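Trainee: I am attaching a structure below and will ask some questions about it afterwards.
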Amino acid sequence: MLQGADCTRALSDRMKLNSSWLQRSGAQTVDLLLQDAVCTLNTLQTNASALEQVRRERGHPQLQLQAMKGYLQRAGLMVEELDQLNIIHVTGTKGKGSTCAFTEQILRNYGFRTGFYSSPHLVQVRERIRIDGQPISKDLFSKYFWQVYGRLDETKDAHGGSMPAYFRFLTILAFHVFLQEKVDLAVIEVGIGGAYDCTNIIRKPWVCGISSLGIDHTSILGDTIEKIAWQKAGIFKPGVPAFTVKQPEIQILCDGPLRLGLAGQHQHSNASLALQLSHCWLQRRYLPGMLSIGLQDTEWPGRTQTLKHGRVTYFLDGAHTTRSMQACVPWFSEAAAQHERSAGGPVLRVLLFNATGERDCAAMLKLLVPCHFDFAVFCPNITETIPTCNADQQNFNVSVESMLTRCLDNQQSWRVLNGEEEKATAELLISSNLPLVAELRTETLVFPCILSALQWITQGRDSVLTNPAKTVIPVTSCVADKAASLREAAEIHVLITGSLHLVGGVLKHLDPASVS
């Protein structure tokens, strides 16, 4: 194992080699360099000094912005340079990503070169940093990643060996990319909260927005709407216009013939905020115009998204709070009912659910009960049990044991909510490998990964999942017998919700283009 100066020299040599390879290009070389960059990025999830810094700053949140300024300077950037990006800064509990997506699309339709920074990613980390609506290319991600990482690594010894944590690094990288690519504007989505979020290093945004508020991340932001609102309002700056939507109720402000590219009544509120943000930004450029043109062209995968694969229709929504689930349920109910009317036979409804962090899973599941699912399936945010080279979706901060235990807890909550007799929790035995057999609990099942759950739900009726390149996960005969009704149904409707990471893992399997 390399240590100290040896490790530093090895990293320096690798960065020089990566730079040389990038110049030679080649698809295979680009893929290898990207994987190397993503794997190195993932070390910042578990970097001991970074995690210690996060713990230290938790009681003194103002230190977070001071640390961010230091990292920005070490990366060769000055806070003043960010003023050149003509930033639209958006926060909120629910809908901030959709609001940003609407805003970016509107202004891109105007002909502006746009930058868009969002989180989390669904399939690939490059999705977080977009130029003109598209994730930054593989070669540019690698190029800019090593530029920023190299500068931070070279200066870490003079700063106690500290490196920025995962999200901080990506925020610095996004600013660097947008400056280098000379965007006309940057739409920046806050990570968590606002006041002490690392994106709030921005001094002079052109306009700020706050989408719908709700209770989330209470250990960081507070446990009341008032406390959370204070945190969100922390992105406001003196003399900078700011807009929000009616709180806390959802208010539909876009009436008339407007068509949106994102489904769901709650998206009207997000679209109305995006219109105000875009209008205000354009006013500073002295440009009038038809702002609604971009609304129907907006795409934001994983949010009220429908994918039809033959006889299986997937409804994907990354709702992960009770407020967002309150919006998801009516969207799904209406969309599924429309598809059922033309099904030509019996339709089975399946829920595929997972949630992470401090989410109130029972409260979200309670909202889903009226949807009358025939099966409720639970799995962790693990794409498949067979190791793959897809480093983009690795999470080193949560153990497999805790993820599977959470799934079993959710299964039990669903049984109780549906009035079924409680049973003793199944014994969870996990060795060095994940179990490859599903656990049967009447109409609820727990699977060890996303692929095994999808394969059981679809029963060979989705050709994408029967691709020979995909490993078929074995199940017990009783679990296979339980799927008889799925094989006989005219159509299968699957709602995937509870976590954007779950939705991303599903899209990795259902939409091969998303991993290219």
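Note that Cβ sites are derived from N, Cα and C of the backbone, with glycine treated the same way.
TrEMBL does not curate its annotations; it predicts them automatically.
Feature table excerpt (TrEMBL):
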- Ser119, Glu189, His217: Mg(2+) binding site (BINDING)
- Arg303, Asp317: ATP binding site (BINDING)
Trainee: Calculate the distance in Å between the alpha carbons (Cα) of Glu189 (Mg(2+) binding site) and Arg303 (ATP binding site), and round it to a whole number.
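Mentor: Checking the Cα atoms of Glu189 (Mg(2+) binding site) and Arg303 (ATP binding site) gives a distance of 16 Å.
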Trainee: What is the number of other Cβ atoms found within 10 Å of the Cβ of Asp317 (ATP binding site)?
Mentor: 26
Trainee: A 10 Å Cβ contact count, applied to the binding-site residues His217, Arg303: which residue has the minimum?
Mentor: His217
Trainee: Can you tell me the CA-to-CA distance separating Arg303 (ATP binding site) and His217 (Mg(2+) binding site), as a whole number of Å?
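Mentor: That comes out at 20 Å between the alpha carbons.
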Trainee: How many Å separate the Cα atoms of Ser119 (Mg(2+) binding site) and Asp317 (ATP binding site)?
Mentor: 15
Trainee: Among the binding-site residues listed here (Ser119, Glu189), identify the one with the smallest other-Cβ count within 10 Å.
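Mentor: Fewest other Cβ atoms within 10 Å, among the binding-site residues Ser119, Glu189, is found for Ser119.
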